[in-house]
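Features as listed in Swiss-Prot:
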ACT_SITE  Glu199  active site, proton donor
ACT_SITE  Glu415  active site, nucleophile
BINDING   Gln52, His153, Asn198, Glu199, Tyr342, Glu415, Trp465, Glu472, Trp473, Phe481  beta-D-glucoside binding site
DISULFID  Cys218-Cys226  disulfide bond
CARBOHYD  Asn28  N-linked glycosylation site
CARBOHYD  Asn120  N-linked glycosylation site
CARBOHYD  Asn279  N-linked glycosylation site
CARBOHYD  Asn331  N-linked glycosylation site
CARBOHYD  Asn360  N-linked glycosylation site
SIGNAL    1-26  signal peptide
Amino acid sequence: MGNGGRCMVEVVILLVLMAMSQGCDAQNTTGGLTRKSFPNGFVFGTASSAYQYEGAVKEDGRGPTIWDKFAHTFGKIIDFSNADVAVDQYHRFEEDIQLMADMGMDAYRFSISWSRIFPNGTGEVNQAGIDHYNKLINALLAKGIEPYVTLYHWDLPQALEDKYTGWLDRQIINDYAVYAETCFQAFGDRVKHWITFNEPHTVAVQAYDSGMHAPGRCSVLLHLYCKKGNSGTEPYIVAHNMILSHATVSDIYRKKYKASQNGELGISFDVIWYEPMSNSTADIEAAKRAQEFQLGWFADPFFFGDYPATMRSRVGSRLPKFTEKEAALVNGSLDFMGINHYTTFYTKDDQSTVIEKLLNNTLADTATISVPFRNGQPIGDRANSIWLYIVPRSMRILMNYVKDRYNKPTVYITENGMDDGNSPFISLKNALKDDKRTKYHNDYLTNLADSIREDGCDVRGYFAWSLLDNWEWAAGYTSRFGLYYVDYKNRKRYPKNSVQWFKNLLASSS
């Protein structure tokens, strides 16, 4: 999924609390939810990413990525697996498209592998990569399924990391722009919805602060986990370069392709909702601060031309500045907001210096601690992942927050879902009984529908994570988010109960 382990900067706290978590079975109930609960034209789809789905890492000229190197490094993936095969969608995409069509899905969100288009990140285009995505796009459209295409879902060509440390160098802005424009030229006549980046916040924090994602840079705990990196500066540099990359590409698209292709460009932001641990002023302010260091960090520049004032004051000179020209380029360059929302945490103020001394990172800069428990009680039922607690009400609260803070922007829910564990002791028959998942989607969608119908939020689509069980980054194959169960011995797909639930929802008209 987009965020596999997004809260791992607080992993020590979570592991201590994990044993206290409680679970309960959920019933498969629709609660009267139908397509008519949403506006005409509202889009339903599933989401995926190239690295988690495709496999075929050495086929048809694809170059290596930072995740290929990271996944093959001992100790980085919890089950010592890799995505060399993943769920083999590179060879099975026609089968998977039929699964989407059978459910009645309107759209499919997938990502393009940069290193399939440019094996070395720059230079000569790999025609085999262009051909593959043309086949995928055409096959989707032939079944009436609209492609929503992510240009960057974490799989940076390793060549660019080796050449100039990737997102830490401003050269990446130019190279990314060339890659993006190549995609506009090749696919833009049919692709009308582009997502330039998936969860840039997760990239900045997990890859350059905690070091738990590729390329695995950090300085927390005196470089105990990472050999290279600076957790106090690099996340902010990476974020800045990603924001400028989007703005640059948006400018290119609007000047050269918008008139003829009539598409839109957005970003998928990862957003945990934060509730104050208590009614104290300090905790209320802490929850606001945590959100500004998450969504505000990446969204505010596109709506206000700069980072939140809270970040400016707390991060100081370590937070890069936009020139006047850059601010003008960034401000207004977002056509829509993609929101990846899974869970909710309690947040409390923490003005102590312990975390600052131990970590000296973005978490320390927020002066907050976020956990899923209050007074020994979990904030909601837990899924399999230690960070994923089910709090459906937060979907509506979050949509209203986005509406109020950013003046009612166009929003797509580009990821939402929950996982089960991958246990050898659970039979296939029982693994397909995912009533907890159907309740999750029902309850989050119900709150989403209320935010649109009753609160006036401009939300235009919902993408479930995910169509298939898949390779979940640092969690490997231990986590199953799919509507379809995948047997990893032969990659065969089996429909879980949630598939029928979505079929019923999407076929309903009253």
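Including glycine, each Cβ sits where the backbone N, Cα and C put it.
Each residue contributes its Cα atom, and for Cys218 (disulfide bond) and Glu199 (active site, proton donor) those atoms are 19 Å apart. The most densely surrounded of the recorded positions Gln52, Asn279 is Gln52 (count of other Cβ atoms within 10 A of its Cβ).
Here Trp465 (beta-D-glucoside binding site) is positioned 33 angstrom away from Asn360 (N-linked glycosylation site), judged by their C-alpha atoms. Taking each Cβ in turn and tallying the other Cβ atoms within 10 Å, the top scorer among the disulfide-bonded residues Cys218, Cys226 is Cys218. Looking at Glu415 (active site, nucleophile) and Asn279 (N-linked glycosylation site), their Cα atoms lie 31 Å from each other. For Asn331 (N-linked glycosylation site), none of the binding-site residues have C-alpha atoms inside a 10 Å radius of its own C-alpha, out of Asn198, Tyr342, Trp465. Of Asn120, Glu199, Cys226, Asn279, all annotated as recorded positions, the residue with the shortest Cα distance to Tyr342 (beta-D-glucoside binding site) is Glu199. One residue stands out among the recorded positions Asn120, Asn198, Asn331, Asn360 for having the most other Cβ atoms within 10 Å of its Cβ: Asn198. Overall, the recorded beta-D-glucoside-binding residues Gln52, His153, Asn198, Glu199, Tyr342, Glu415, Trp465, Glu472, Trp473, Phe481 cover a maximum inter-Cα distance of 18 Å. Counting in whole angstrom, Asn279 (N-linked glycosylation site) lies 34 from Asn198 (beta-D-glucoside binding site) by their C-alpha atoms. All protein chains included, Tyr342 (beta-D-glucoside binding site) registers 29 other Cβ atoms within 10 Å of its own Cβ. A gap of 21 Å separates the Cα atoms of Asn198 (beta-D-glucoside binding site) and Asn120 (N-linked glycosylation site). The binding-site residues listed here are Trp465, Trp473; among them, Trp473 has the most other Cβ atoms within 10 Å of its own Cβ. DSSP classifies Asn198 (beta-D-glucoside binding site) as strand under the three-state reduction.
Cys226 (disulfide bond) has Trp473 as its nearest neighbour among the binding-site residues Gln52, Trp465, Trp473, going by CA to CA distance.
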